[in-house]
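Asker: My structure is below; once you've seen it, I'll send some questions.
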Amino acid sequence: MALSLRACILLLKEHHLLKSAAIQNTEDVDMTGIAYDSRKVSGPTLFFCKGDKFRPIYLSMAKDNGARTYVAEKPYVEGNGLNALIVRNITKAMAILSAAFFDYPQDDLFVIAYTGTKGKTTASYFTEAILNEARPRHIALFSTIDTVVGPEPDQRFKSNLTTPESLDLFRDMREAVENGMTHLVMEVSSQAYLRNRVFGLTYDVGFFLNITPDHIGPNEHPTFANYLHNKLQLLVNARKVVINAETEHFDQVYAAATTTTYPESIYLFASAGFRPKRDDIDIDFRFDSQEADVAESRFTLVPVTEKAAALNIGGHYSLALIGDFNESNATAAIIGAGLAGVDASAAVPGIAKVKIPGRMEHTKVAGHGAVYVDYAHNYASMKALLSFLKHAYKDPRLLVVVGSPGDKGVSRRPGFAKVLTEFATEAFLTTDDPGYEDPANIIEEIDSKIDHSKVKVHKVLDRKKAIAEAISDSGPNDIVVVAGKGADPYQKVRGVNTPWPTDMAVVKQVAKSLQEG
């Protein structure tokens, strides 16, 4: 891979990003490397000065390591002797130049992208499974949990971000193409658009699953309007669009889709009993829940319109991943696979046995009922989870272990208090990625909004201890829910990813201790 200095200048001019260029000589320069981390510079490299934590010394280090050209929003004396491309927006520039450096790998992939407040990961895993049933060893996945760039075990690794930085995104795409991948299923976060990680990227199919207030705070989206706006950008940049017609703010969502996509390329889905508030749209697919219990979920997918029927994906489906709320995610995945040319003959078996790390994982503890570990980390996902369990287990006592991250998602905290008041019998408030905040203060913030006449609250900073106390306090007919972290193998504490054995590993340790003691 390489990119010439001349090509960089032309691309930046084309996108109206170039403010000025300081070129050291008239000869064109080929950059054979690209980086925003000075430690990853080796040889003639295009280096980006980006991020709130960028320091000029990083540019000096990049220069010492062989960088030839730097891109920044202002000149740096540390860059004297290097070609300097001064741009209006560094994150947009990095996205545009990274795509070019890796030779536009998205053009060699069928890209299916999901956005939504909840369900992105589940829908993505369902889609990957269906596509793998039809085209084994050819499906890439970029999710909150895993990144898959090839068919071999060492080509599957843990993700750092839901949607990676643009340079990493296009590098991973190129690696996937080189490894023979033909399709990519990816999650796209609102932060990805806010920070221009997917700037210039067009998807073959874009999904809008739902929207509720989340990720609103000083370090994220300033307002809900900004959060929604960034979510909608996925639809504006998709060739075909699929929308959950039951989403809040549907009119705005549908309007965004129609700005760049013809109605015949927009597909709507909803549950069997849903009736839209407007009569100028048609629901293309309906899913009818047959049974959702603690063993499996079964539903029927019914194509309603002619264009829906043409995909040949209607039929009866079962899910090993329990929870009636997952039927909506499964419907989205089946439609996505259908738009990629995969019909029900692969979708039915492909989706049936899917299990997702940290999603509805459960185990029985002798004498203490069932324990569920789930990534549910906002009001909407917690409500869906607790409502399902309350119904499936015939109104059990619910003991919930939960915390809220520091430095972000401040709007989640009153949501946790609300959902605990609505559903929990006992709440064990604990630590969950506190970052630079004091976890005790976060716990107090949640606790202050809980109705203590309805919920018994325990404040336990040590997450292991909180899980142990919740399980120990539970009876044989009770349900313990450990929410928020799912399969995360670390706690984010003061800028450090501190190893964490995962919630389920802790649950199993506690269960073993109880059985032995």
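Don't overthink the numbers, they just go from 1 along the chain as shown.
Just so it is clear, glycine is given a Cβ too, placed from its N, Cα and C backbone atoms.
The following feature annotations were taken from Swiss-Prot:
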BINDING   Gly116, Thr117, Lys118, Gly119, Lys120, Thr121, Thr122  ATP binding site
MOD_RES   Lys231  N6-carboxylysine
Asker: Name the one residue among Thr117, Gly119, Lys120, Thr121, Thr122 whose Cα is closest in three-dimensional space to that of the residue listed as 'N6-carboxylysine'; these are the binding-site residues.
Answerer: Thr117
Asker: According to DSSP, folded down to helix, strand and coil, what is Gly116 (ATP binding site)?
Answerer: coil
Asker: Counting only residues 6+ away in sequence within the same chain, which have a CB under 8 Å from the CB of Gly119 (ATP binding site)?
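Answerer: Same-chain residues close to Gly119 (ATP binding site) (Cβ under 8 Å, separated by 6 or more) are Leu209, Asn210, Phe325, Ser328, Asn329, Ala332.
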Asker: Show which residues of the chain containing Lys120 (ATP binding site), separated from it by at least 6 in sequence, have their CB under 8 Å from its CB.
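Answerer: Correct list: Tyr114, Ser143, Thr144, Thr162, Glu187, Val188, Ser189, Leu209.
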Asker: Please list, in sequence order, every residue of the chain apart from Gly116, Thr117, Lys118, Gly119, Lys120, Thr121, Thr122 whose Cβ lies within 8 Å of the Cβ centroid of the ATP site.
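Answerer: Going along the sequence, the neighbours come out as Tyr114, Ala123, Glu187, Leu209, Asn210, Asn329, Ser381.
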Asker: With the cut-off set at 10 Å between Cβ atoms, which of these binding-site residues ends up with the most neighbours? Options: Thr121, Thr122.
Answerer: Thr122
Asker: Under 8 Å Cβ to Cβ from Gly116 (ATP binding site), same chain, six or more residues apart: give me those in sequence order, or none if nothing qualifies.
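Answerer: In sequence order, Ala123, Phe207, Phe208, Leu209, Asn210, Ile211, Lys231, Asn244, Thr247 meet the Cβ cut-off.
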Asker: By a simple count, how many Cβ atoms lie within 10 Å of the Cβ of Thr117 (ATP binding site), its own Cβ left out?
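Answerer: Other Cβ atoms within 10 Å of Thr117 (ATP binding site): 21.
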